[in-house]
């Protein structure tokens, strides 16, 4: 009987019991074989397991026709997904897993239990999420760089303003000093005018100088008279 199983050929959609190492004969369906995997999996069929929605590549020796082996292998089993698989093969034999890809490769010898397709889908999503997080990280790194550049530009502008600010007060001081000098010159200019007014004679045509000069001349005349009288007095006293 096993010899006939090895020689039996299955086609897509055939319902079988598939035997994997470490697992009971499981309700399954012969699925499509991808063209890319035909050479590497010669004489092996891609099998879809009901209940678990996993896939594997198995040879004819590990496959048994469902109708012929239902009484032998279709007994209830405590393994998770087995009862669901028996229900699906009877009521929904065309079921497919969400995100199922027929190109996935599984081997009963290499893998004790085929992994569900959903796991691979989750891995892809996770990879995409990691990729997006990397992009976000780049953006976050770029933003501080831009902020640093902007801050550097602001610092440079502030430094230029500080350098210009001491020059401006100095220029303002120079302007103020010039204005003060101009004011002092203007304040000194009226003094000669006043001196000219004081030097003018009190009465026009009198020919006399200022009152102070007249007083000095009178004092000098009196002193000369006293000196002239002084010898006469001395001679009289000597007599």
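All positions are counted from 1 along the displayed chain.
Here the Cβ of each residue, glycine as well, is placed from N, Cα and C on the backbone.
Quick look at what Swiss-Prot annotates:
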BINDING   19, 21, 72, 75, 79, 80  heparin binding site
COMPBIAS  91-106  compositional bias 'Polar residues'
COMPBIAS  110-121  compositional bias 'Acidic residues'
COMPBIAS  135-172  compositional bias 'Basic and acidic residues'
COMPBIAS  180-197  compositional bias 'Basic and acidic residues'
COMPBIAS  212-224  compositional bias 'Acidic residues'
COMPBIAS  225-239  compositional bias 'Basic and acidic residues'
CROSSLNK  80  SUMO cross-link
CROSSLNK  80  SUMO2 cross-link
DISULFID  12-108  disulfide bond
MOD_RES   132  phosphoserine
MOD_RES   133  phosphoserine
MOD_RES   165  phosphoserine
MOD_RES   199  phosphoserine
MOD_RES   202  phosphoserine
MOD_RES   206  phosphoserine
MOD_RES   238  phosphoserine
REGION    69-239  region 'Disordered'
MOTIF     155-170  motif 'Bipartite nuclear localization signal'
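The Cβ of residue 72 (heparin binding site) has 10 neighbouring Cβ atoms from other residues within 10 Å, across all protein chains displayed.
Each of the binding-site residues 19, 21, 79, 80 was ranked by the number of other C-beta atoms within 10 Å, and first place falls to 19.
Of all Cα pairs drawn from 19, 21, 72, 75, 79, 80, which the record names as binding heparin, the longest spans 19 Å. Model confidence over the motif 'Bipartite nuclear localization signal' (155-170) stands at 59, taken as the mean pLDDT rounded to a whole number. The Cβ neighbour count for residue 12 (disulfide bond), using a 10 Å radius and every protein chain shown, is 11.
Residue 79 (heparin binding site) sits 26 Å from residue 12 (disulfide bond), counting Cα to Cα. Annotation note: residue 19 (heparin binding site) sits in a coil segment as assigned by DSSP.
You'll find the Cα of residue 75 (heparin binding site) roughly 25 Å from the Cα of residue 12 (disulfide bond).
Looking at residue 72 (heparin binding site) and residue 12 (disulfide bond), their Cα atoms lie 23 Å from each other.
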